[in-house]
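A quick write-up on the structure given underneath.
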């Protein structure tokens, strides 16, 4: 006689709790084990000597011979312990003790036995330029694959939906409002996409957001399908699109590449079935599988607070099956799931891998990109959630980016820094090419320099979002004759992204090389005091052009340096000649007020220009 499903689930919950408690109790054996030194954390010289059965004086003498006077209580770094292990002739390995702070990662990294894995639907994100038909393509796919009576009933709040093709295959589409949402989740370590469909209009070709989409797709390291849209429009030229995309490394199969290109029309539903078939084919080649018979885990797509229903989260199940009454731990949040519904607001009893659903019952609103795990023991779930909160608070006190340009010499010498990732924004394509060429010639021993974006234009929020996805090493956004605005600067500060600004190529290159050699000059920090928009122009025969402005951020001060920015590009950098407020000489004009100024040796001011006041300070 079969056990009731309820009892089976209860037994599974008990087994899961026992397993978690066992992992938390298990201690990692450290010290010399079979010729390998095993450790979990940095040790003092005395602790290290004891574990390798050596007199502490031997280690102190080793450092004395190197000119270092240490004592037995000096804490050794992981690199120093590694060097000592090699000195004494044995290998070394770091093990991680399982704690309530990291148990979620342990559970998420659980590898299932192959025999428990079953085929799952692919998860697809459509990306591309804003006017190239992404929304139309999503709508056409939705309406072609759902029952007519429900075609208009898909809620946009879920952030994803699942279709069933004519061949009875399921595909999940992530419906993101822009590249930022996709990037934000990746910056939090959540890789949710299996395949990216890049949509490009046949009559328009590659546009700035197309380039951004390519950058994001390549960083996600997933297969790309190109859908050339609007082939029904006059002036469409699919071959031009294929040629343009070649310089980004996207070469069509017909030209000897490995990227599938599909020519179609979203609005007229031309070749949508071919697109779906290609997605299914690639998913089969990728061998996408998951175990549906374990406790669920996955990622939050979107979340908000509903005044009537409380915290509401759209989630994507990646492993296991999510059911009502499951207790979900999501980052620092947890709760018993009271209700699950799909994109049609239909009640869902069980959500299997690749299924997007909306859940109710968490005690707080989670963040997009947070990973969740079902732990069906309320006491344990609460304790783990509290531990996650403590861990998050500690991490927030630390700097997000461990490396800065000023200190990379030390990190390179200690073997901590292996990658320097650059985003380059410049005033002209010629500047972009010159910078890429010069940077490619830099040789820093043991360090790889990666340029993940190099394009024309002002430093934007998209650049900062892309930089935030880099998980390894140092990332720098370089601006050459271009500037970030106040919103971008604030976002960069919040995300701990370093922005460096230059107007001479060799100085930019020199700065990077000198930093690697540890001979970087004392840092001169630029402090932006304020920005103002030019709203009126006045001509004066004696003093030249007067720019009437409105201060949008900070203040414009009389003794500050001033630069003129036009469409994100610096057109002049100099000094203020005169500053007035209400036709009176002024020392400063603050945000929310109007003023007027003249600039020494510069009269080519235009309406819409941005005045940026700044000063230079040496960092102590």
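In case you wondered, yes, glycine gets a Cβ from its N, Cα and C as well.
Swiss-Prot assigns the feature region 'G2' to one of the listed ranges (138-142, 143-147, 148-152, 153-157), namely 153-157. Here Swiss-Prot gives region 'G1' for one range in the set 120-127, 128-135, 160-167: that range is 128-135. For the binding-site residues listed here (131, 134, 231), the lowest count of other CB atoms within 10 A around the CB belongs to 131. Under the DSSP three-state reduction, residue 128 (GTP binding site) is assigned to strand. There are 26 other Cβ atoms within 10 Å of the Cβ belonging to residue 128 (GTP binding site). Averaged across the region 'G3' (175-178), the predicted model reaches a pLDDT of 60.
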